[in-house]
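Peer 1: Copying in the features that Swiss-Prot gives for the protein in this structure:
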type	residues	note
BINDING	Leu121, Gly125, His126, Leu127	(6S)-5,6,7,8-tetrahydrofolate binding site
SITE	His229	site 'Plays an important role in substrate specificity'
MOD_RES	Lys230	N6-(pyridoxal phosphate)lysine
Amino acid sequence: MSLLNTPLHELDPDVAAAVDAELNRQQSTLEMIASENFAPVAVMEAQGSVLTNKYAEGYPGRRYYGGCEHVDVVEQIAIDRVKELFGAEHANVQPHSGAQANAAAMFALLKPGDTIMGLNLAHGGHLTHGMKINFSGKLYNVVAYHVDETTGQVDMAEVEKLAKESRPKLIVAGWSAYPRQLDFAAFRRIADEVGAYLMVDMAHFAGLVAAGLHPNPVPHAHVVTTTTHKTLGGPRGGVILSTAELAKKINSAVFPGQQGGPLEHVIAAKAVSFKVAASDDFKERQQRTLDGARILAERLVRDDVKAVGVDVLSGGTDVHLVLVDLRDSELDGQQAEDRLHEVGITVNRNAIPNDPRPPMVTSGLRIGTPALATRGFQAADFTEVADIIAEALKPSYDADALKARVTALADKHPLYPGLK
């Protein structure tokens, strides 16, 4: 048999075994990393299609390679669907990731040395919002804003004060670990007052926006970036939305400014995921995502959990994630992550504002509900998993008993039963 037509398990059993093991891990445990989700089978089929073979530098109707008539159709479908989904004037679906979408947007709007404002990384921001070792911190002068120590929410008075003092060229509104909604209208007002562009990074909450369960930043921002996984639940990739006025700058910054050939197989998967995101089923799933996060937050602020030094930042959540404060607990973030992993729940340790511990240890956990909602979890299931987490964070936890409860939930909601 030609190697061209040899199945993976025959051609490369080592890689196949690792893939099989990962499938088993996803099926048998509970995924609660806030940035992770499960892509529909149709999305994975599109991403694994023959479109992976096609080079297509340029844009639909304006390619530098022949034979692009079919990938042109696919890419235009993705563009049209995401524009309609979010009410955008322009969309570029070629960025390979959210980080590359952010980089391209900044390259389109800024010059090296310009000033940008973004949420401090330790207060919930993202690497690409101005971290010193990231391109954004190396190319631009960064002024960081923070959350209020009392409320745990972004301090808009500080944002306005810093903007007036530093006169940034770009203000970034968005986050990677923040449990509340942002006031996009207030951010735009401040941006207009100082002559800045407003860029919103909605990578984490784009699915909630698509479902109408979170304010849409598109009417307020000059540019909006997002990933296509996380709450959107599609393939790993990025998208840039903008005003029509900025379309040419955005497109040029992506290609040829930052990328060469687009990944048309991933763009096909994006197109499928945008169709899914417009469905009633998706909207219902996003509601369960929100409900699950609120159930979790409510369980983790009860007296029995507070008694062991565990608390919830900002007192709750408006989105798909909960940030757990372990500063008064006997556990640090790494230990808490390991303990939940022991019972079959995957989360990530996360720095919190004014964290006294180093970044690889941390004093916090970031726990999300999108993957469980995609798996079919209902309110009663989220109540059960919230109780498992609460019990696991106590000194007297019973690992075997908690793992049995996790296994029961995983068995109740089988994942990808047709995959082997």
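Positions of Cβ are set from backbone N, Cα and C atoms, glycine also.
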Peer 1: Hey, of the binding-site residues listed (Leu121, Leu127), which one tops the CB count within 10 A?
Peer 2: Leu121
Peer 1: Measure the Cβ-based neighbour count of His126 ((6S)-5,6,7,8-tetrahydrofolate binding site), defined as the other Cβ atoms within 10 Å of its Cβ.
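Peer 2: Other Cβ atoms within 10 Å of His126 ((6S)-5,6,7,8-tetrahydrofolate binding site): 23.
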Peer 1: List, in sequence order, the residues of the same chain other than Leu121, Gly125, His126, Leu127 whose Cβ lies within 8 Å of the centroid of the Cβ atoms of the recorded (6S)-5,6,7,8-tetrahydrofolate site.
Peer 2: Gly118, Leu119, Asn120, Gly124, Thr128, His129, Gly130, Met131, Asn134, Ser176
Peer 1: Can you tell me the CA-to-CA distance separating His229 (site 'Plays an important role in substrate specificity') and Leu127 ((6S)-5,6,7,8-tetrahydrofolate binding site), as a whole number of Å?
Peer 2: 18
Peer 1: About how far apart, in whole Å, are the alpha carbons (Cα) of His126 ((6S)-5,6,7,8-tetrahydrofolate binding site) and Lys230 (N6-(pyridoxal phosphate)lysine)?
Peer 2: 14
Peer 1: Across all chains shown, how many C-beta atoms besides its own are within 10 angstroms of the C-beta of Gly125 ((6S)-5,6,7,8-tetrahydrofolate binding site)?
Peer 2: 25
Peer 1: Per DSSP, to which secondary structure element type does Lys230 (N6-(pyridoxal phosphate)lysine) belong, with helix, strand and coil as the options?
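Peer 2: Helix, per DSSP.
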Peer 1: Determine, to the nearest whole angstrom, how far the Cα atom of Lys230 (N6-(pyridoxal phosphate)lysine) is from the Cα atom of Gly125 ((6S)-5,6,7,8-tetrahydrofolate binding site).
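Peer 2: It is 16 Å, counting Cα to Cα.
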Peer 1: Enter the number of other CB atoms within 10 angstroms of the CB of His229 (site 'Plays an important role in substrate specificity').
Peer 2: 26
